[in-house]
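Per Swiss-Prot, the feature active site, proton donor maps to 49. According to Swiss-Prot, the feature site 'Lowers pKa of active site Tyr' maps to 78, an assignment based on similarity to another entry. Swiss-Prot lists 111 with the feature substrate binding site. Taken from Swiss-Prot, the feature NADP(+) binding site covers 219-286.
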């Protein structure tokens, strides 16, 4: 099993977990179940991934068979953009809990600091970037005029009610987090961001350390996940798996792979990772990186020096320049 980090509310979270993004619903429940058997205890999901029923099914199966208890599993989900209004926050959370068949979440993120028009579950769920049939015909997205602090305070009420244990933010920049800290009652425990050697975001990571906010990395392998989504930038960016620096570091540690080096570069710097894999040997390899090898300070610096500020998951790019999340 992965080592644990202690969040600012005292809750302990595994440093290595399984990301549920793009796990096909047909195999998802079994993958979650098998991952638990291998030792995984952190599962990072989201309403937008469209597989929460299956994630919950895999978790509940493992619990029912006595492999784990609920308190052994750290379950994560995310509030989607269409449900930012305080009237809809708890509604969306309860939908997630109902789909997963669970009573509470260990961590619930605001997925993006972007508020869309509300879409009822019966109209489309998960709604993705849909804000109504008329908007869809026009290729338009209607925003909702909801300040992020209003959404956050609704989440604080969910903590009070025991529906979630922790609040996190995802895809937020430092200035927005700083503003949130000025007005929140319950501090966010984690920030989930795109983080890999092409996008190290060192100032943001340092800011989080100063404020005792755990950084969680997604897309640890850089362009790899986005090539499958036909993103042009990802297709034209050299893969990190074949990068000379990463390959050299891997060769310095016999038995390690380039993907494991990328993950170890993060965890050794205190950043949690949530890679996805369907192969047992890779799942085990990812889980065991902390025991397997330790990078030298120079290797950490050499990998960090690859930073090129290349961001693949940017709404500005794929939503026609209308949402300046990272501007």
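Note: Cβ is positioned from N, Cα and C throughout, glycine not excepted.
Keep in mind that what you see is a predicted model, and the values were worked out from it rather than measured.
Where Swiss-Prot records a feature, it is marked here on the structure.
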| residue | record | CB count, 10 Å |
| --- | --- | --- |
| 49 | active site, proton donor | 21 |
| 78 | site 'Lowers pKa of active site Tyr' | 25 |
| 111 | substrate binding site | 21 |
| 228 | NADP(+) binding site | 10 |
| 237 | NADP(+) binding site | 18 |
| 246 | NADP(+) binding site | 24 |
| 255 | NADP(+) binding site | 9 |
| 264 | NADP(+) binding site | 25 |
| 273 | NADP(+) binding site | 26 |
| 282 | NADP(+) binding site | 15 |
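Residue 78 (site 'Lowers pKa of active site Tyr') and residue 264 (NADP(+) binding site) are 25 Å apart (CA-CA, integer value). With respect to residue 228 (NADP(+) binding site), the closest of these recorded positions in Cα terms is 49, chosen from 49, 78, 111. In the three-state DSSP classification, residue 246 (NADP(+) binding site) falls within a helix.
Residue 237 (NADP(+) binding site) sits 29 Å from residue 78 (site 'Lowers pKa of active site Tyr'), counting Cα to Cα. Closest in space to residue 282 (NADP(+) binding site), of the recorded positions given as 49, 78, 111, is 49, taking the CA atom of each residue.
In this structure the alpha carbons, written CA, of residue 49 (active site, proton donor) and residue 273 (NADP(+) binding site) are 18 Å apart.
Rounded to a whole number, the distance between the Cα atoms of residue 111 (substrate binding site) and residue 246 (NADP(+) binding site) is 30 Å. Over all protein chains present, the Cβ of residue 219 (NADP(+) binding site) has 23 other Cβ atoms lying within 10 Å.
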